[in-house]
């Protein structure tokens, strides 16, 4: 990392962290916002009509139509949050950072303005606004993940930190709920969020690149405000060429790097030509997307994510059932859940630190054995993948026990496992596949997992009345341990191959 650009890099890092923690993943604070919507009588007409027909007989069934509408909104929004990542990931890869961020700002601003001016009479507009909010938020995250490239060996830590900040941003809706209870209207809160778009625009042009942040980072790399007053286009093109050279050198086995100057030059030229051909064949987007490694990762993410979405979407109904309809207790537990979400930003970096430390350890071993950098990266992912599956399994087991006080432990396991899940997902795609396909692969894995997430709505009709769904999800999560096991076998096979070649 160049010391000259350090202040700019830190400014980009910190403002990106603020953007993710304050805006990107607010959708997942749905439980807190739902409490406000219910207080404002959104979708309450069907319930009132049912109550009149039943001669003032009230109970959980009276609110089912209202809960189903809210569940459907969250299902659609969470689906769009994931599914639209594929086309937006393509836009990010094809049209670069500035265009992607301007699209994100447009969707996000429109969504917050629509929510600000909704009421009980226009509650149907939430079916439009919440998906738009989700799409804008995920695009903020995608464009910020590349900031990890500025910090070299700390790359995984930064990526997981940003994913943790994405998780923590769900606490924003808790703040809106608390402000609402103090007399500040929902409209005022969302108008303030709309005005913040000015800050997003300023950051886009001053602290973010027009294109992509390369990895490895070339010397004298500049972007944003500095590129407008410093480096020229020719210098930036030279930096891109230098990045390609650095990337090709990283792929060289250690024993070939130590040969004589003339032989090394010839070998490098030959190997660069071979690598370009091999990378085109072996690392094409189609080849990556159809690989067993990618397919297993999609299954791993889809199952665990479905459980998280189902839990968030049904939490209000679950708490109402366990508390016997006590609104004060439901509010207290809703606040507790939202507060735990904020600590996702503190949990996620531990996963990144684990990956970075293991990667450094395996790199030292690779210098002795001649293992490829790809094998080293995969080895560093195995413990994180396994730990994420185990945490999610514990979360599912706690949630399946119908004891109100135990839900505090459930909330803690939920936030830790969720922050590990998305950090692990982004880091795995970054380390296990070529960086030029990251946007498309990240989008594809989220789009495919989004299709699976649509199951949460039919499951919602079962879960409040039965624990069978929780038990089934627990068994499915247990099976996700197959993914880290097969990645481990792949690493072992690569190590064996390297030792035989040596």
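Cβ atoms are placed via backbone N, Cα and C, with glycine included.
Note that the coordinates shown come from a computational prediction; the quantities given were computed from them, not determined experimentally.
As given in Swiss-Prot:
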- 17-37: transmembrane segment (TRANSMEM)
- 56: N-linked glycosylation site (CARBOHYD)
- 72-92: transmembrane segment (TRANSMEM)
- 97-117: transmembrane segment (TRANSMEM)
- 122-142: transmembrane segment (TRANSMEM)
- 156-176: transmembrane segment (TRANSMEM)
- 189-209: transmembrane segment (TRANSMEM)
- 220: N-linked glycosylation site (CARBOHYD)
- 237-258: compositional bias 'Basic and acidic residues' (COMPBIAS)
- 237-280: region 'Disordered' (REGION)
- 262-277: compositional bias 'Low complexity' (COMPBIAS)
- 294-314: transmembrane segment (TRANSMEM)
- 335-355: transmembrane segment (TRANSMEM)
- 381-401: transmembrane segment (TRANSMEM)
- 419-439: transmembrane segment (TRANSMEM)
- 442-462: transmembrane segment (TRANSMEM)
- 468-488: transmembrane segment (TRANSMEM)
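Sequence-remote contacts of a segment are chain residues at least 6 beyond its ends whose Cβ falls under 8 Å from one of its Cβ atoms, and for the transmembrane segment (122-142) they are 19-20, 23-27, 37, 42-43, 72-74, 76-82, 84-85, 88-89, 92, 100-101, 103-112, 114-115, 162-163, 166, 169, 200, 439, 442-443, 446.
Counting Cβ pairs under 8 Å to the transmembrane segment (442-462), the stretch among 72-92, 335-355, 468-488 with the most such contacts is 72-92. If one looks beyond the transmembrane segment (468-488) by at least 6 residues along the same chain, the residues whose Cβ comes under 8 Å of a Cβ in the stretch are 292-293, 296-297, 299-300, 303-304, 306-307, 310, 378, 381-383, 385-386, 389-390, 392-393, 396-397, 399-400, 459, 462. Relative to the transmembrane segment (294-314), the listed stretch 72-92 leads the set 72-92, 97-117, 156-176 in CB pairs under 8 A. With a threshold of 8 Å between CB atoms, the same-chain residues lying at least 6 positions outside the transmembrane segment (419-439) that come near it are 89-90, 92-93, 142, 145, 148, 155-156, 159-164, 166-167, 215, 279, 283, 285, 288, 293-294, 297, 301, 304-305, 308, 344-345, 347-348, 351-352, 355, 359, 374, 377-378, 380-381, 384-385, 387-388, 391-392, 445. Ranked by Cβ pairs under 8 Å to the transmembrane segment (97-117), the stretches 17-37, 156-176, 189-209, 335-355 are led by 189-209. The listed stretches are 17-37, 72-92, 156-176, 189-209, 381-401; of these, 156-176 has the most Cβ pairs under 8 Å to the transmembrane segment (335-355). Within the chain carrying the transmembrane segment (189-209), a Cβ under 8 angstroms from the stretch's Cβ atoms is held by residues 8, 11-12, 15, 19, 22-23, 96-98, 101-102, 104-105, 108-109, 112-113, 115-116, 140, 143, 176, 179-180, 223-225, 227, all 6 or more beyond its ends. According to DSSP, residue 220 (N-linked glycosylation site) is assigned to coil rather than to any helix or strand.
Across 17-37, 156-176, 381-401, the stretch most heavily in contact with the transmembrane segment (72-92), judged by Cβ pairs under 8 Å, is 17-37.
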